[in-house]
Amino acid sequence: MKQRNVLVLFFFLMITVAQSQQLSDYDLWLKYNLIENSELSDSYSKITNSISISSESEVFKNLKKELSLALPKILNNKTKFQNGFTNETTLLIDTFKNLPTDLKPKIQKSIDSVNEEGFIIKSIAFNNKQLTIITAKKEVGLLYGTFKLLEFMQLHKPLTDIDVVDSPKIQLRMLNHWDNLDRSVERGYAGFSLWNWQKLPEHIDQRYIDYARANASIGINATVLTNVNANALVLTPMYLEKVEALANVFRGYGIKVYLTARFSAPIEIGNLETADPLDSEVQKWWANKASEIYKRIPDFGGFLVKANSEGQPGPQNYGRNHVDGANMMATALEPFGGNVIWRAFVYSEHDDTDRAKQAYDEFLPYDGKFKDNVVVQVKNGPIDFQPREPFHPMFGALKKTPLAMEFQITQEYLGFSSHLVFLPKLFEEVLDTDTYQKGKGSTIAKIIDGSLYRNKITVMAGVSNIGTDINWTGHPFAQANWYGFGRLAWDPYISSEQIADEWLRLTYNTDDAFVEPVKRMMLTSREAVVNYMNPIGLHHIFDTGHHYGPGPWVDNLGRPDWNPVYYHQTDTEGIGFDRTTSGSNATEQYAPHVQDMYNDVTAIPEEYLLWFHHLPWNYKLKNGEILWDGIAIKYQEGVDQVKTMIKTWDASKSYVSEQEYNDVKMLLQIQLKEAQWWRDACLLYFQTFSKLPLPDKVEKPTHTLEYYQSLKFPFAPGIKPKWD
Ligand code: GCV
């Protein structure tokens with residue numbers, strides 16, 4: 001072969017290898033790697049040798065498709081499917097009501113203990129042989145059970161005596177896409193929106209199916225397709241037809257579709273002169289709109305609404321309030337079983353109260369006044385998805401209104417998709433927090449899952465980090481944040497450590513020598529980002545608009561509470577926002593025990609110190625360091641933690657493919673560079689006030705403050721759209 005031909009062949013070979021590795025990124029945690037241990041593989045093969053499936057419904061078709069895809073890959077052999085139960089059956093998948101009559105008593109107790117979406121996987125002796133069954137009250141439970149069985153195989157868990165009885169603890173496990181109709185994604189760092197509105201409804205991209213598979217595999221059962229900064233056009237027939245096509249795909253995976261509803265839609269697309277919620281024409285318009293949507297999508301979930309927040313229209317434009325607005329929409333959806341999810345992310349330009357207090361002040365008087373099909377969705381903290389915030393004081397304080405948790409999976413304030421930050425650690429910290437609102441043990445998890453106040457609707461929402469990037473999430477490790485969100489929405493009590501462990505084994509490699517150190521790296525990554533961005537309770541010191549990189553000096557924006565200087569309140573005396581009784585008194589919004597803890601500078605956990613206290617530069621921290629030194633050392637610690645992450649990843653090289661290794665390695669280098677940038681820019685700026693030298697342990701900045709202040713990023717991704 002001529003040398004040129006050899007070169008061309010080599011080139012194509014390289015491209016194919018790279019592509020197949022990228023495609024493996026596309027497979028997320030559903031890689032279904034071959035099991036090389038023949039004993040294990042044989043034992044799984046015995047169980048899955050002959051699978052009985054009796055129905056041809058969409059859900060059954062999908063679970064059968066998944067098994068047909070997964071089993072040959074995991075076990076390297078063909079699976080036989082049978083229609084209905086026979087003597088040959090080794091794995092029986094069916095709803096409880098359709099199980100053979102003499103099998104039912106063996107499962108009755110377990111089935112009584114699961115809810116409508118729960119499932120059972122059990123190995124039982126039946127007709128003189130061992131049979132494995134997946135059963136549930138509803139078909140969707142069978143889908144979840146099937147994914148669980150496949151997960152067990154991928155985790156190499158024994159199945160011989162399997163006995164799993166599991167139900168989701170939260171009813172609506174929901175992704176919020178901040179996707180615009182032009183396919184840009186607000187705060188999206190993983191490409192464009194998945195929804196190709198131009199080609200819908202005719203063209204069903206394989207991505208929609210794989211998105212649904214991935215979500216179903218972790219129990220996500222609801223998706224809000226559009227941005228909360230909403231465009232009314234999505235409610236017009238042209239778009240509803242497209243939404244219907246997506247809903248038709250998702251239904252067979254147990255996923256309901258929701259839309260964001262722009263409050264002024266009756267004016268913008270309905271030709272009305274007002275959107276006043278007490279106007280009968282407006283009410284009629286929404287009732288008709290609901291009926292039109294349900295004709296197309298009988299299982300439509302409902303509306304997510306951002307009203308009177310950051311310029312979005314709402315009932316207050318007409319002198320009405322949140323209850324008027326939410327209940328009007330809830331009345332329209334009620335006949336069809338739909339819900340209104342009304343966001344509590346509000347702060348007003350006419351109110352100069354501490355922004356951290358405003359949502360609570362605005363919503364508390366309405367507790368108990370919303371209709372039964374309204375849920376109020378609250379961000380985890382009182383400001384805005386910072387690397388660390390104390391919990392939102394609305395949790396536990398509203399006792400008669402179901403509250404939904406809103407987490408942000410996309411990393412708006414956490415280094416976009418360039419930084420490896422394992423968010424389940426943050427989610428876990430929030431869920432485990434005790435609000436003390438109904439005595440000790442009133443954790444946020446118990447508020448969200450409804451066990452504390454017995455609310456009828458329970459919701460956990462996550463602002464999606466998904467886009468058209470081949471690996472879906474930009475950073476390969478950001479897949480773990482999607483995965484982890486789903487796992488916690490199913491069960492808010494599982495540990496972040498368990499999630500990291502599972503995800504690593506499913507995604508990369510099941511070898512403990514790989515999993516243990518990389519898991520530790522993931523678990524430290526959240527504290528690292530806090531340290532190099534916002535240590536000791538600092539917050540919202542991000543650069544303007546895009547929130548990429550540091551901007552603690554910014555003081556020129558239209559509203560005081562958009563400026564970082566508002567949040568750190570630095571002066572020559574000290575630093576921090578006084579939210580105690582001597583300051584904005586935001587602490588009064590918490591239960592007495594928490595108030596006392598946050599007000600007392602010696603009792604407050606130091607990670608929240610500067611969130612609640614303004615302290616002198618020479619204030620002594622618990623470890624004896626003065627505050628200035630403590631802040632500087634934390635910034636350095638964050639940088640050092642990233643250096644350790646790089647070392648850990650380097651040591652894992654032999655356990656992952658070259659492409660996987662290089663990809664993460666390059667991203668970690670960006671993270672290190674940006675961690676150093678954060679440290680240097682913030683310390684140089686704060687030093688102009690503290691006038692103190694950097695402690696010896698802290699590396700010296702490589703640029704001047706003026707240099708950092710001069711950096712501009714007009715094309716940083718995820719910025720709010722212009723038309724908004
Ligand atoms: C969708 C923050 C973000 C906005 C986002 C808003 C919200 O302000 O920066 O992009 O808007 O939160 O949650 O509504």
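Backbone N, Cα and C define each Cβ position, glycine as well.
Automated prediction, rather than curation, is the source of TrEMBL annotations.
Among the features that TrEMBL reports, active site, proton donor is placed at Glu310. According to TrEMBL, the active site, proton acceptor annotation covers Asp384, Glu412. Under the heading domain 'Alpha glucuronidase N-terminal', TrEMBL lists 28-149. TrEMBL lists 153-472 with the feature domain 'Glycosyl hydrolase family 67 catalytic'. Positions annotated as domain 'Glycosyl hydrolase family 67 C-terminal' by TrEMBL: 473-697. Annotation comment: TrEMBL describes 1-20 as signal peptide.
Distribution of TrEMBL features across the structure.
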residue : record                       : CB count, 10 Å
Glu310  : active site, proton donor    : 14
Asp384  : active site, proton acceptor : 19
Glu412  : active site, proton acceptor : 22
What is the interatomic distance between the Cα atoms of Asp384 (active site, proton acceptor) and Glu310 (active site, proton donor), given in whole Å?
12
Cα-Cα distance linking Glu412 (active site, proton acceptor) and the residue listed as 'active site, proton donor', given in Å to the nearest integer:
17
Residue distribution over DSSP helix, strand and coil in the domain 'Alpha glucuronidase N-terminal' (28-149):
52 helix, 29 strand, 41 coil
